[in-house]
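Single-structure report; data block below.
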Amino acid sequence: STHRLLPLFLGLFQGALLLFFALFVTYDKPSAQAEDANLVANQLYGIFPFFQDIQVMLVVGLGLLLTFLPRYGFSALTHNFLLLNFSTQWALVLQGLLHHFHHGQVHLDLHNLLTAEFAAVTVLISVGAVLGRTSPCQLLVVATCEVPVYLASEWAIITRLGVLDVGGTITIHVFSCYFGLGVSKALFGSAQQPVHPKETPTPRSDLLSLVGTLILWVFWPSFVAILCQSGDAQHRAFLNTLLAMSASAVTTVVASSLLESDGKLSPGHLQNGSLAGGVAIGAVADMAVPPVAALALGSLSAMACVLGFRFLTPLLARKLALQDQCGIHNLHGLPGILGAAASAMAILVASEDTSGSHFSQVSPTRRNASEASWGQWGDHGAGQQALCQAAGLAVAIGASLPAGLLAGAALRLPCLVRPPERLCFDDSLYFKIQDEAENPGPGDTAEEGALALKE
């Protein structure tokens with residue numbers, strides 16, 4: 001029944017979207033002025049290479065990062081790709097109606113598509129908490145619920161509170177982490193999930209996942225800097241992001257080696273800790289913080305990520321029965337909180353410089369309510385902004401966690417039945433695997449037979 005429900009759900013959605021686009025969506029008319037046309041062309045050529053980098057990150061890098069489960073690689077890549085496209089289209093509809101609906105038409109451009117993809121990123125991160133134990137229909141329900149909550153949360157944080165977060169540390173990473181944890185808690189309840197025999201990574205699956213990490217590491221500066229104003233702010237964002245991620249990569253190796261009794265490295269630590277600096281730096285990337293601050297933030301975030309995998313994840317599973325399959329709390333939650341705290345500290349420290357050179361005006365997509373430049377604010381204004389950064393963090397967690405709990409409760413509806421335990425983390429439930437006759441099928445091993453008997 002779930003295999004019939006998926007094409008029905010997607011077919012109805014795509015049909016409704018075709019009707020909506022036919023009736024309401026249009027492109028902006030080309031400008032007749034040569035100067036305006038050249039300006040539009042320059043803006044397009046300036047943003048499109050970054051947009052392509054982000055596409056590679058989300059489709060290839062993030063998809064491969066999720067292939068650490070040895071018999072779930074097809075599903076991880078495909079479901080990631082499906083959710084990206086579904087969530088982007090859903091976000092285009094919602095933000096078009098909310099922000100770009102004029103005279104009965106929604107005007108579409110590349111910038112709208114980019115911000116819609118940012119909404120989709122939150123979904124891709126959140127579902128990592130329940131990866132392998134949920135059906136595609138359940139994942140689509142998560143996306144349907146999460147995108148509108150994200151758009152409302154981002155509007156409250158950026159537009160109403162005026163939070164500075166050009167790289168999405170608070171609005172994307174913290175929000176998606178606690179939404180995903182809320183989904184997991186509501187879906188699985190108070191029963192601790194046992195270790196599944198197909199859950200243990202193999203050298204091959206860990207290698208593929210590490211390749212995904214390297215792709216994400218290379219293209220991450222484009223994700224952070226694409227919303228910055230061109231010029232000094234964007235230049236600083238590139239430099240700060242590269243420094244933070246370089247420090248997080250080195251610190252991950254140090255922390256992972258010290259935590260293991262034999263001094264060897266954990267692939268899971270490398271796959272995640274190397275990216276923690278990119279998560280944390282987003283809130284301060286376009287600020288003129290000294291280079292040592294970017295390095296320190298990258299190192300701290302990597303240590304928090306590795307320590308989270310080593311100690312916090314087992315503790316939360318044992319005390320709260322919290323399932324976090326991909327460790328999104330360690331990669332997105334803890335570094336995101338560190339980045340939010342760092343942004344407040346940077347604002348307070350930089351307020352001593354009355355020249356205003358430490359901050360640039362916020363990008364039009366991340367503009368605060370007053371649209372004031374930092375150079376016009378005194379100490380009181382900087383202190384107020386630091387409080388806004390803390391308030392933005394509170395709003396991100398306060399909005400995402402209850403919404404995730406509600407979405408997780410919706411996943412327990414009878415029509416959205418979860419995969420049976422013995423078929424979790426297995427591609428054969430969703431794909432026609434060509435060499436199924438040669439490879440052992442689900443339930444063939446002693447552990448899987450025991451799972452089947454238990455069911």
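The backbone N, Cα and C atoms fix where each Cβ goes, and this holds for glycine too.
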Range annotated as transmembrane segment in TrEMBL, from 113-132, 333-352: 113-132
Average pLDDT across the domain 'Ammonium transporter AmtB-like' (17-413), rounded to a whole number: 89
Remote residues contacting the transmembrane segment (292-312) - C-beta distance under 8 A, at least 6 residues beyond either end: 239-241, 243-252, 255-256, 259, 266, 268-269, 272-274, 276-277, 279-281, 284, 327, 329-331, 334-335, 338-339, 342, 346
